[in-house]
Amino acid sequence: MTEIENIGALEVLFSPESIEQSLKRCQLPSTLLYDEKGLRLFDEITNLKEYYLYESELDILKKFSDSIANQLLSPDLPNTVIELGCGNMRKTKLLLDAFEKKGCDVHFYALDLNEAELQKGLQELRQTTNYQHVKVSGICGCFERLLQCLDRFRSEPNSRISMLYLGASIGNFDRKSAASFLRSFASRLNIHDNLLISFDHRNKAELVQLAYDDPYRITEKFEKNILASVNAVFGENLFDENDWEYKSVYDEDLGVHRAYLQAKNEVTVIKGPMFFQFKPSHLILIEESWKNSDQECRQIIEKGDFKLVSKYESTIADYSTYVITKQFPAMLQLPLQPCPSLAEWDALRKVWLFITNKLLNKDNMYTAWIPLRHPPIFYIGHVPVFNDIYLTKIVKNKATANKKHFWEWFQRGIDPDIEDPSKCHWHSEVPESWPSPDQLREYEKESWEYHIVKLCKAMDELSTSEKRILWLCYEHVAMHVETTLYIYVQSFQNANQTVSICGSLPEPAEKLTKAPLWVNVPETEIAVGMPLTTQYTSVGSNLQSSDLSAHENTDELFYFAWDNEKPMRKKLVSSFSIANRPISNGEYLDFINKKSKTERVYPKQWAEIDGTLYIRTMYGLLPLDDYLGWPVMTSYDDLNNYASSQGCRLPTEDELNCFYDRVLERTDEPYVSTEGKATGFQQLHPLALSDNSSNQIFTGAWEWTSTVLEKHEDFEPEELYPDYTRDFFDGKHNVVLGGSFATATRISNRRSFRNFYQAGYKYAWIGARLVKN
């Protein structure tokens, strides 16, 4: 007998109480359709040529199962595949065959409500297959209970789960409910777990009507059989099929088919205190089937917190199957308040936990992958320690009070002078041995629950000063999310080292064939820095004068900013010409290849192995030749040398700001949306640059400027964190603007934000564009 685990909850789904509540809404739960007889009748329906949905999906799976398997399965992680509502599994077998052919070990679970029919389907599948790589099991239960115990079916913490939701069953939900249904699964899945889902589009009304009201009246038998299921739940014949007739209605404008049972005459139903009296022609809704255009499908997917990977179309009818993946939580494009909300914190923390719990492991967290930097284990401790130190200024944390020794080891990292490493700002002492990752994860959890969650929930009670501390901690976490990631990619050392935990490989970016186009910018006056006027306090601000009196810097009347962003200044920028896009990998490679082999020094984002060049990405080492159209990322010194070879230079901070203002059509507003660009974890790799005339910014890398970080007029060190900028007024750090694909939107979208790195630093995700006078 095939293994089946019963996860329960059927007694709730099929209870007299749930049916009574449904009848009060003039409907019956559609799950009642699928008793043993109902499943057999539905099987007959799928064999009808009129029921185009089945044939359309079969058409897709026959043609594309191999491609779908490649996208769903991880080649290097354990794979779990769960089908939601498996039915007879004839179509599913096409996918299982493709999984077997791929040669990856897969544990497949078929989920269904009816244990007897599930057992029968699994036995038939086992009798017709002899899989070596695919293990087949069953789960008897409902979707809600599966969500509660989903991790039980994940073979290892890092294993990939792919869900199958076929048959256009998502159409049982209206569009808002469909997105909510997807979100319920997204909330339980890991980043880059997958879902294969089918949608029936808006086919012609005649085709739809025939599919749900066939001339053989099998659909009618199927729908009316729900009354037998109701009677079985109540244990007596409360409903007589002969009192009802099937009514099929398709609303073409709304795009929904509704199946009703209509009372032929007056019907009375009595069971104890339950009493219903249905008048002639009264309608009871049995099920809905919503039809969605491709655009509507994409909206449902996006609102469901998934990202579209690929789409497969049927040639039989307007019907598609989509591979979608759990994406990073969407970050707010335009902050509504100075201090990040709990929802913003939660989105950022999910990224951090993905890094510390999924990407970092015993093989990569103890090695210092970047010279003159700590190993990743330091950052696992640094983030919660920094939060603990600063948030304790607001409220003591009893949960972490006995771990003050962590403060000595993790308060501040190292950033020594590249040219003379003996010169370094003050930093925490390095322990003889680092605490275990589990100890640090528990510490982070305590800091999260007892500090961040409590403070965010009490936001209205916090003073402006206290909100500022909470904001500072949020942006500090965001910065170290990016730092830890660019250190992580340096751990890839072998040519065959690719990982699928971050999803499918990015599409190749072809080498550009044209020089960049030049954008002529006339003499312009710009405002730099955080606005100091009250013109922005209308954006939901409720700050009172009493709040401001407690504020460390009263120039910040709404949004917070770091010390090097303040005060706001006016600058006159002379006319200049700037490239419409950053320098590409291909252009920089051509520049390097003009040198002798002994003089060639490649960017640290590249790796030369056995004479072949690779690029370090979130997906491992990929052939550089496939991504020559991405922006090159290396040090200021490297890119400044390239600019000189082209008879150009790199832009000043004011010039680059002026160009960004022009492209984003911004003036002095604090935040501008970067939706659709390569920042804020909207994707995990740079954008492919283009030869066209578009002005390309936020392409996945920060951008260097020739402006050296210096103490500007009226600069005042950050009172909470005075060493943030002033430790780096050494003439060796250059200002960096924009953001990478891994930069939180509170930072990348803030016009005044200024990053800075040593000009010789090669490891950060920073590119550049050319300028000429």
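Here the Cβ of each residue, glycine as well, is placed from N, Cα and C on the backbone.
Over in Swiss-Prot, the protein carries these features:
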{"type": "REGION", "residues": "16-322", "note": "region 'L-histidine N(alpha)-methyltransferase'"}
{"type": "BINDING", "residues": "Tyr51, Asn172, Tyr212, Glu287, Glu288, Ser289", "note": "L-histidine binding site"}
{"type": "BINDING", "residues": "Gly85, Lys91, Asp112, Cys142, Phe143", "note": "S-adenosyl-L-methionine binding site"}
{"type": "REGION", "residues": "347-772", "note": "region 'Hercynylcysteine S-oxide synthase'"}
{"type": "BINDING", "residues": "His382, His476, His480", "note": "Fe cation binding site"}
- [ ] Return the residues near Ser289 (L-histidine binding site), defined as same-chain residues 6+ apart in sequence whose C-beta is under 8 angstroms from its C-beta, sorted by sequence, else 'none'.
- [x] Ala168, Gly171, Asn172, Asp200, Tyr212, Val256, His257, Arg258, Ala259
Open item on the list: Cβ neighbours within 10 Å, counted over all protein chains: which one of the binding-site residues Asp112, Glu287, Glu288 has the most?
Closed with: Asp112
- [ ] State the mean pLDDT for the region 'L-histidine N(alpha)-methyltransferase' (16-322).
- [x] 94
Task: Largest separation between Cα atoms (Å) of residues that the record links to L-histidine, namely Tyr51, Asn172, Tyr212, Glu287, Glu288, Ser289 - done: 16
TODO: Could you round the CA separation between Gly85 (S-adenosyl-L-methionine binding site) and Glu288 (L-histidine binding site) to a whole angstrom and send it over?
DONE: 17
Open item on the list: Long-range neighbours only, meaning 6 or more apart in sequence with Cβ under 8 Å: which ones does His480 (Fe cation binding site) have?
Closed with: Tyr379, His382, Val383
Task: Structural state of Gly85 (S-adenosyl-L-methionine binding site), classified by DSSP into three states - done: coil
- [ ] Provide the three-state secondary structure of Tyr212 (L-histidine binding site) computed with DSSP.
- [x] coil
Open item on the list: Just to verify: the residue among Lys91, His382, His476 with the fewest other Cβ atoms within 10 Å, which of the binding-site residues is it?
Closed with: His476
Task: Nonlocal residues around Phe143 (S-adenosyl-L-methionine binding site), in sequence order (Cβ under 8 Å, 6 or more apart) - done: Leu84, Leu111
Task: Alpha-carbon distance [Glu287 (L-histidine binding site); Cys142 (S-adenosyl-L-methionine binding site)] in Å - done: 17
